[in-house]
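K.L.:
Feature list, courtesy of TrEMBL:
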SIGNAL    1-22  signal peptide
DOMAIN    19-109  domain 'Ig-like'
DOMAIN    102-195  domain 'Fibronectin type-III'
DOMAIN    201-295  domain 'Fibronectin type-III'
DOMAIN    299-390  domain 'Ig-like'
DOMAIN    397-499  domain 'Fibronectin type-III'
Amino acid sequence: YRPENMLILLLCFFLSVPPTIEVDVKLIEGLVVKAGSTIALPAKMTGRPDPEITWTKDARALSRDKRTEMNNNYPLCELVINDAVRSDYGKYAIVAKNSSGQAQNLKVAYVTKNSCMVSWENPEDNGGTEITQYIIECRQPSQRGWTVVSSDCTKRLMKAPLSEGCEYFFRVSAENKIGAGPPTETKAPVLAVDPIEKPGEPIDFQISEIGKTFCFLKWKKPDYDGGSRNLAYHVEKKPKEAEEWERIHKGAIKETYFMADRCIENQIYQFRVQTKNEGGESNWVTTAEVLVKEQLVEPEVKIKLDGTLVVKAGDSIPIEAMVKGKPQPDVKWTKDEGTEEIRKGPRLQIETGADFSKLLVTGARRTDSGKYVVTASNSAGTCAAHATVNVLDRPGPIRDLKVSGITIDRCILTWEVPEDNGGCDIYNYIIEKCETKRGVWSVHSNAVITNKANVTLQSEAIVAGTQFSVPDAPETPEVTKITKEEMTNSVTLVWTRPKNDGGSKIIVKIPGVYVFLTFLM
């Protein structure tokens, strides 16, 4: 073994240079070609000794064939694919490797929202000299450049810091006295979130409704989601005679309820549900055995109204009732004590659903006041509820207007209250008067609170005056008898009663003479 040979070997080791690759930026951004044309991917490299070149497509190594050429003319190399076809679409990569070595078996584990553990193994070839340290880098998928996490790591394991919710690629390069070798990259990004575990079981799993051929199932979310908000559920059923459970939906259910239909009437079933997330599936929660058949429940009706519904004339009258029962009840509306069903019309709308019924009267009138009755009936029974409605409007006319107590300047009016007060108490009356000669009405008072008033006004034509008037004159009297006695003289006069006595008994007195009056009838 000659000393000069050793010198040559040492020079070769110390002159080793790790590979580098230069690719046109346009190729990195993407290359578009037409079918049938040629795909050419050139690259330039450096390194000592000459690197070993490997081309890959979608992480699989390529080899020469009738359409594929690999031209390695150091420092230039090129991948050529002739007669391009649709299946040539993909991600192409070039790997250059020489005696400087490449770290291998790169792994990322124990990922949390704040950090992860990156590990790797020594390169198969250390470049002829001891590995001194490792360079660890990372980048996010949206970034092109790499960020150095550590450039002097001497172990094959390190804890890398992360930002919560971000994705990261990692790569590691081995370095010796000559320099750094080619990096090894992770193929898929890691997401900085806490590890996800299996979720807890669904809570309060129950059958809320049973029909002729269905069961409606519902449950609540588990207390523990395993660290994931992406919860879903699986639901299965099993007839009593069956041994295997049957999945009764496709995919997974996001809701916390499910309609298990296509059951056989009068068949006994069991149902079960489990939670799932990215971490796995929970244990099953199972119902007791249940007989699937039509359930009979007497109707129940409740009107959503407290007390009397009061509206003004012209407004709308909305009445809504909650209706329950199995099978679904038939619903009808009536008014007051009548039996005739209320029908839809220009002012009246009725809407009935699975568990409600609504009545709407528009343009309310005074005659719309009353009791509205909703009745629900099914094969299990009948139930009714009512709502009282009062439509407020102007009152009707007063009744039995009377005039009395007429004097020279006033009279007394009395009357009875209207038959219809308009839906509320009457708090005021308005009195008007009219002189018969003028024929014009004017307000005498608009603040009368009782049904009696002292006024002068028109009922029938009334002439103002005292209670009693002067009587008419009698006809000319006749002397029918004359008597003369010792101390007195007398005469008997006769006349006809006047047509108008002035409203009082007539009294006749002739001063100084006693007169016997005889009225001719």
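Backbone N, Cα and C define each Cβ position, glycine as well.
TrEMBL labels come from automatic prediction, so no person has curated them.
Give me the lay of the land around each of these features.
P.N.:
Over the domain 'Ig-like' (19-109), the average per-residue pLDDT in this prediction is 82.
The residues of the domain 'Fibronectin type-III' (201-295), classed with DSSP into helix (H, G, I), strand (E, B) and coil, number 0 helix, 47 strand, 48 coil.
Residue counts for the domain 'Fibronectin type-III' (397-499) under DSSP, helix first, then strand, then coil, are 0 helix, 45 strand, 58 coil.
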K.L.:
How do the residues of the domain 'Ig-like' (299-390) split into helix, strand and coil according to DSSP?
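P.N.:
Residue counts in helix, strand and coil order: 3 helix, 56 strand, 33 coil.
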K.L.:
For a three-state summary based on DSSP, what are the helix, strand and coil counts in the domain 'Ig-like' (19-109)?
P.N.:
8 helix, 46 strand, 37 coil
